[in-house]
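Engineer: My questions all concern the structure below.
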Amino acid sequence: MNRPLDLPADGAHRTSVPAAISVRNLTHHFERRGEEPTLAIDDVSLDIAEGEFIALVGPSGCGKTTLLNLVAGLVPSQSGQITVRGLPVTRPSRDVGYISARDSLLPWRTAESNVCYGLEVRGVAKKERRERARAALDQVGLAGFEKSYRSQLSQGMRQRVAIARTLATEPELLLLDEPFSALDQQTKLLLENTFIDIWEKNHRTVLMVTHDIEEAVAMADRVVMLSHRPGHVIADIKVDLPRPRDAAEIRYDPNFREITHGVWELLRQEIAQLHISQI
Amino acid sequence: MTTSVQEHQATAVSPDVAELPAHKRPARRLPRWVSGRRIAILAIQAALLAALLGLWELAVNKGWANVVFYSKPSLIWEQLRLYLTGPDILLDSRTTITETLLGFGLGVVIGVPLGLLLGRYGFFRAVVAPFFTAFNAMPRVALAPMFILWFGIGMSSKVYLIASIVFFLVMVATESGIRTIDPDFVMMGRAIGSSERDMFLKIILPGSIPAIFSGLRLGAVFALLGAVFAEMLAAESGWGRKIAMDSQSFQPGAVFAVLVVVMVFGLLLDGFMSAIERRLMRWQQ
């Protein structure tokens, strides 16, 4: 982190504080065998400050998940620059936590043992692993389920274990790929609130991809909208709502309604230009 | 049936019960095997077996089938009793069981690591796959006379023959287990920062256990088959040798008696494998 920063020489961004996540002129093609590469992401630049909660929205297929996977280092970048705390991303980093829509729990491990996995990888001692895993499970409201296997847990509980697994590693940054999308409405609200509570305690930097605009506005500080493929940034909306927030309560706030309406309107215009076959 | 459906719902579907910690869930009232359905199945199975044996006995007694060729259950029982109390049973059993287990063990020890390498390293697979495919296309039992030529009529020729059959089955199962692992697990493993070693030992290997076990169970069946077959060609002792001698001297009753012994051992072997499999895959229930 003390390394001198080599920012691109275009002079456009001479910030003194390094962004937690900085994406510069990122362009990405999908390559499929026997076909011309498809342009998926077109010259995206994005800065996320330390401690900021950003939601990334956009029409389906706009490359928002690809952008997230590029930032996570799960997909090698083709052109442009991605830095996390000033360091270029080449592969997944242990300081970055990643949560996807699918829980990906290892079915042969218990809930506690699944949460321990990320700590095992980091060489944490057994006793400490157990304590941290229990604390993380407790944080997501799953105390008492330490010994349950994936097959014994409901979908919402599985996703909570997945969240606990990532939180237990105490990442500096969190990348979320539609983390609540596979859940029913009530579970979703509950988990959103759990997550907001946890986030408000430590204010880690969060980049969350979602297709749910209300969720984006309810949770994030900023909503960034990508266009239809090839994705580029078409709007960057500041969500000026008070914190601490309650994911359910805030939906009655007139400001919330106004912001959501604005974001929807932008998305609607973006979609309106498209034929159904393009989606 | 109804009880098992209710149990299933209680543990997996109904959210209010699923939300309870394990020790607070309602206990089962009866062990599962005492259900009416289970008893009915066992009764019908016993009746079917009795009917088949009865029909066999009847057909031979009525002269519809020649006892010299087909024997009959009562004669087989008599032969089985003779064999089990006779002088050869101990040595024969020791020979065949040793060959089967050693051959199987050797095949597994070679097959699993090779399968892991094949599944993990595409380059290695691309180089050696054609050789293995060609080797597999060759019926290994046809090589049995060569193994006997090379390694003699003792146990070692059988052990190597069995190993050559088993290793391939186990290797293929292991390879496919590794290659069909849920990509979500691999993605999660990478995202959370696993080392290559952790990825392999803690995600890929345990994830392949079900596939590896299907190969092991198949391998166990073929190991016994290989032992008996090779002994029939040339051996100093063993169940296969006994079968060959009895059939050459026109004693179908004795042949069937040995087959009963082989079958019992085969069932024990498979039961043992299933028990290990269940132990390793408790999480599935």
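Every residue gets a Cβ built from N, Cα and C, even glycine.
When I checked TrEMBL for this same protein, it listed these features:
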type: TRANSMEM; residues: B:39-59; note: transmembrane segment
type: DOMAIN; residues: B:93-273; note: domain 'ABC transmembrane type-1'
type: TRANSMEM; residues: B:101-119; note: transmembrane segment
type: TRANSMEM; residues: B:131-153; note: transmembrane segment
type: TRANSMEM; residues: B:159-178; note: transmembrane segment
type: TRANSMEM; residues: B:199-230; note: transmembrane segment
type: TRANSMEM; residues: B:250-272; note: transmembrane segment
Engineer: Who are the long-range neighbours of the transmembrane segment (B:101-119) in its own chain, taking Cβ under 8 Å and residues 6 or more past its ends?
Structural biologist: 125, 128-129, 155, 158-179, 205, 208, 212, 215-216, 219-220, 223, 226-227
Engineer: By Cβ distance under 8 Å, which residues at least 6 away from the ends of the transmembrane segment (B:250-272) in the same chain are close to it?
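Structural biologist: Residues packing against the transmembrane segment (B:250-272) from afar: 68-72, 75-80, 82-84, 89, 93, 96-97, 100, 217, 220-221, 224, 228, 239, 242-243.
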Engineer: So what's near the transmembrane segment (B:199-230) in sequence-distant terms, Cβ-Cβ under 8 Å and 6+ beyond its ends?
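Structural biologist: For the transmembrane segment (B:199-230), the list is 96, 99-101, 103-104, 107-108, 111-112, 115-116, 119-120, 140-141, 144, 147-148, 157-158, 161-162, 165-166, 169-174, 176-178, 180-182, 185-186, 189-190, 238-240, 243, 262, 265-266, 269-270, 273-274, 276-277, 280-281.
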Engineer: Which residues, given as numbers and ranges, are at least 6 beyond the ends of the transmembrane segment (B:159-178) yet have a Cβ under 8 Å from it?
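Structural biologist: Distant Cβ neighbours of the transmembrane segment (B:159-178) are 99-100, 102-104, 106-108, 110-112, 114-116, 118-120, 125, 132, 135-136, 140-141, 143-144, 147, 150-151, 204, 207-212, 214-216, 218-219, 222-223, 226-227, 230.
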